Amino acid sequence: MKQGRGTTSFHPISSILSSLLLFLSLSGSAHAYKNYTVGDSLGWFDNTQNSNVNYQKWADTKKFTLGDFLIFNTDTNHSVVQTYNFTTYKECDYDDAQDKDTTQWSASDPSNTQTHPVTVAIPLMKEGTTYFFSGDYDGDQCRSGQHFQINVTYGEGLPKSLKAPEDAPSPANAVAGDDDSAPDTIVPSNFNHPKTEETDDDDKASDKQNSTSFSVSLSAQLHLVLLGTLLFFL
């Protein structure tokens, strides 16, 4: 007596529904603007003060996009320099840097015998490679591990709170130089107030409206697909 082989039934409707649910779950995920604390609990210091720091290793585990903030927890004996110029970064020296590609966000005071905690918030305003280092003591802190580079992608783009007219004030303590270099990084007057929510009120309203429109449109398309599928198999 022959034994019949078991058969597996295939339900095309279930397959389509599963695909649509997967599409919805992927489409619904959105990037949130983030604040990254550089070095996490180790703060922003050189290897002579904290031998465990490895800022490049820390940065390599993150995904940075426009509108994110880097938070540097350091002291008045260490500085924060941002540059788009690889030569400036490699030499750990911003004395000859251009003011449109290099910014000193926090200047140290090595002559002061007392150090004080400093927190510096830097918005990511430009796509591409960005370099950070401490330029104090003729670059010794930079050469002692206080440096890293990141790649900034577009993400959701700059939020409205970080967009500013061309006559907006420049970052504090910009490095002087000539004007024939990279485009300006324009930072609004509230640049030192990192975002604690995903978006500001205007952005939230806009995102909510866009999300609602997307949901309605997607819901209509989903109903049409399901209706067509049911009619096909009836």
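Numbering starts at 1 and runs along the chain as displayed.
Here the Cβ of each residue, glycine as well, is placed from N, Cα and C on the backbone.
Automatic prediction, not curation, is the source of TrEMBL annotations.
Per TrEMBL, the features are as follows:
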- 1-32: signal peptide (SIGNAL)
- 34-154: domain 'Phytocyanin' (DOMAIN)
- 159-210: region 'Disordered' (REGION)
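Helix, strand and coil content of the domain 'Phytocyanin' (34-154), in residues and according to DSSP, is 22 helix, 41 strand, 58 coil. Across the domain 'Phytocyanin' (34-154), the prediction's mean pLDDT works out to 93.
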